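Asker: Features from TrEMBL:
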type	residues	note
BINDING	ASN78, GLY182, THR183, GLY184, GLY185, THR186, SER270	pyridoxal 5'-phosphate binding site
DOMAIN	9-297	domain 'Tryptophan synthase beta chain-like PALP'
MOD_RES	LYS48	N6-(pyridoxal phosphate)lysine
Amino acid sequence: MTGWAKDTTELVGRTPLIELKRFPTRAGGAAATILAKLEMFSPGGSVKDRVAQHMVCEAESQGLLRPGSVIIEPTSGNMGISLAMIAAARGYRCILTMPDTVSLERRLLLQRLGAEVLLTPARQGMRGAINKVIELRTTLPNAWYPQQFYNQANPRAHRLGTAAEIWEETGGAVDIFIAGAGTGGTITGVAEGLRERKPDVEIVAVEPASCAVLSGGRPGPHRLEGLGPGFIPDTLRLDLIDRVIPVSDQDAVSTAIQLMKDEGLSIGISSGAVAWASLQEARKEENRGKVIVTIFPSAAERYLHTILFDDLRGKTR
Ligand code: PMP
């Protein structure tokens, strides 16, 4: 791109792809090459920028979102930051509901981006935040509810954007794609986009070991923020997935910490989880010479109050 971006939304996507070198070497070597797509380079700092932007564009072209509309969504995660950013850049009011356990830094950032934050009691979980949005819809006739777990614009953002970028950046050399599944938008959309171009590309999903619903297990608590919602969302196509790798909280965190030191890259917990899974695949003899592509959804700074930094804060958990 020559010149400059005309607004923040033009900077979404076209994230860099990097080969992990010191990390697999220090872990004892690997037979395959691991490439990671760095979504923290997007202006809202995560993979959700693409989805927020695409959902907003589709809603605008369908007439669901017009000047004066209000964007409302229950989210305490990266989706909230991306929606707040796109809403600000395009001039929409944005109301986000979330449990009152959300970290202070997250809440303050959302407010600085111009979003209105409505806190619901933590004991009601995400259900409380969802019910609040449903209630708001009855009082706000001009509200638009993106619904990231249902809206097919979510996987479409990845089919049209992320998959096309991976294809171009690797010159079609990608053999295995590995991503964590939250809404499933990333893995579904990228799988669709890559399979259109290379039908035998392998698709590997990563989920929390203590909430391994895709592997046939029961939902349970876990610390892998952004992954494992505990149900199978409408935005996830299981038929595209060849294998599911469950990753423990501890393996995700220790891998993220090791990788940050090895590569000098700031990554979040779910990036640690997919890095761990990528290393297992890269070590397999049958994958010798293959190219593995994975997605690092966000940076470590977003998880200062989580297990990623517990040891430095002097906590044991
Ligand atoms: N990691 C992080 C940090 C996320 O915020 C998300 C989004 N929920 C994911 C992974 C998973 O992405 P997806 O919703 O596309 O499955």
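Glycine is no exception: its Cβ is also placed from the backbone N, Cα and C atoms.
Note that this is a predicted model, so its numbers are computed, not measured.
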Asker: Does anything in the same chain, at least 6 positions from GLY182 (pyridoxal 5'-phosphate binding site), have a Cβ under 8 Å from its Cβ, and if so what?
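Answerer: Correct list: GLY226, LEU227, GLY228, PRO229, SER270.
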Asker: I need the least crowded one of these binding-site residues (ASN78, THR183), counting other C-beta atoms within 10 angstroms of each C-beta.
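Answerer: Comparing Cβ neighbour counts within 10 Å for the binding-site residues ASN78, THR183 gives THR183.
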Asker: In the same chain, outside ASN78, GLY182, THR183, GLY184, GLY185, THR186, SER270, whose C-beta lies within 8 angstroms of the Cβ mean position for the pyridoxal 5'-phosphate site?
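Answerer: The answer, listed by sequence position, is VAL47, LYS48, ALA179, GLY180, ALA181, ILE187, GLY226, LEU227, PRO297.
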Asker: For the pyridoxal 5'-phosphate site as recorded (ASN78, GLY182, THR183, GLY184, GLY185, THR186, SER270), determine the largest distance between any two Cα atoms, in Å, rounded to the nearest integer.
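Answerer: Overall maximum Cα spacing for these binding residues reaches 15 Å.
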Asker: Work through the binding-site residues one by one (GLY184, GLY185) and point out the residue whose CB has the fewest other CB atoms within 10 angstroms.
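Answerer: Looking at the binding-site residues GLY184, GLY185, the Cβ with the fewest others within 10 Å is that of GLY184.
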Asker: Would you mind sorting out which of ASN78, GLY184, THR186 (the binding-site residues) have a C-alpha within 10 A of the one on LYS48 (N6-(pyridoxal phosphate)lysine)?
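Answerer: So the list is ASN78, THR186.
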Asker: According to DSSP, collapsed to three classes, what secondary structure does THR183 (pyridoxal 5'-phosphate binding site) have?
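Answerer: In three-state terms, THR183 (pyridoxal 5'-phosphate binding site) counts as coil.
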Asker: Counting only residues 6+ apart in the same chain, whose Cβ is under 8 Å from the Cβ of THR186 (pyridoxal 5'-phosphate binding site)?
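Answerer: Result: VAL47, HIS158, THR162, ALA179, GLY180, ILE295, PRO297.
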Asker: Let me check the 10 A CB neighbour count of LYS48 (N6-(pyridoxal phosphate)lysine). How many other CB atoms are there?
Answerer: 33
Asker: By a simple count, how many Cβ atoms lie within 10 Å of the Cβ of SER270 (pyridoxal 5'-phosphate binding site), its own Cβ left out?
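Answerer: Other Cβ atoms within 10 Å of SER270 (pyridoxal 5'-phosphate binding site): 30.
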